[in-house]
Amino acid sequence: MTTLTARPEAITFDPQQTALIVVDMQNAYATPGGYLDLAGFDVSTTRPVIANIQTAVTAARAAGMLIIWFQNGWDAQYVEAGGPGSPNFHKSNALKTMRKQPQLQGKLLAKGSWDYQLVDELVPQPGDIVLPKPRYSSFFNTPLDSILRSRGIRHLVFTGIATNVCVESTLRDGFFLEYFGVVLEDATHQAGPEFAQKAALFNIETFFGWVSDVETFCDALSPTSFARIA
């Protein structure tokens with residue numbers, strides 16, 4: 001068992017019954033020229049987050065944790081995104097941006113596009129699981145719950161973008177399904193102003209889960225090897 005120092009209190013888990021969730025580390029969310037950038041969100045500070053996720057993934061894999069990567073998006077015709085009868089049609093900033101800029105149609109969050117791809121620095125390895133998701137929560141219309149339950153996994157460690165949207169949505173849904181969720185705050189990034197990051201982390205540590213950081217996580221898994229991993 002491993003005890004991780006976190007807020008508001010430490011949490012103990014078995015790494016081999018824990019999954020590291022990497023949420024939407026796609027060009028859309030982390031790279032200039034991607035969806036968030038084109039929609040007016042600041043992605044200029046995502047590079048350290050990518051590096052921290054690399055470090056966390058390496059440590060988690062060495063400890064025997066399952067790594068699950070998510071990619072948010074839809075088919076090239078956006079059928080999966082929903083039409084006017086879906087609130088997603090009205091609230092998705094990607095869909096709204098494409099309606100305002102028709103030349104982007106088919107380029108934002110479309111499966112097979114550069115926007116949809118994971119950033120170059122983050123490459124899933126054999127044994128990892130890569131799943132698509134059509135909405136903010138990684139539990140909605142995906143086999144995530146079944147995958148976790150069949151492996152006896154009850155603890156989830158979250159990284160990715162955006163903290164206040166897809167990361168928080170997934171952790172909340174996991175909480176309702178009786179999963180213990182931990183966010184590594186320096187391996188996440190918000191969509192919007194910095195206060196959105198702070199608010200999301202406050203919500204998580206106060207109501208739904210725990211908050212820690214990459215160095216503490218790596219040190220808890222293998223205190224003697226963190227320097228080598230970093």
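The backbone N, Cα and C atoms fix where each Cβ goes, glycine too.
What Swiss-Prot says about this protein:
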ACT_SITE  Asp24  active site, proton acceptor
ACT_SITE  Lys133  active site
ACT_SITE  Cys166  active site, nucleophile
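The structure, with features from Swiss-Prot marked on it.
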{"residue": "Asp24", "record": "active site, proton acceptor", "CB count, 10 Å": "25"}
{"residue": "Lys133", "record": "active site", "CB count, 10 Å": "22"}
{"residue": "Cys166", "record": "active site, nucleophile", "CB count, 10 Å": "23"}
Inter-residue C-alpha distance, Lys133 (active site) and the residue listed as 'active site, nucleophile' (nearest angstrom): 10
Hey, how far is Cys166 (active site, nucleophile) from Asp24 (active site, proton acceptor), Cα to Cα, in Å? 8
Which three-state DSSP class does Cys166 (active site, nucleophile) fall into? helix
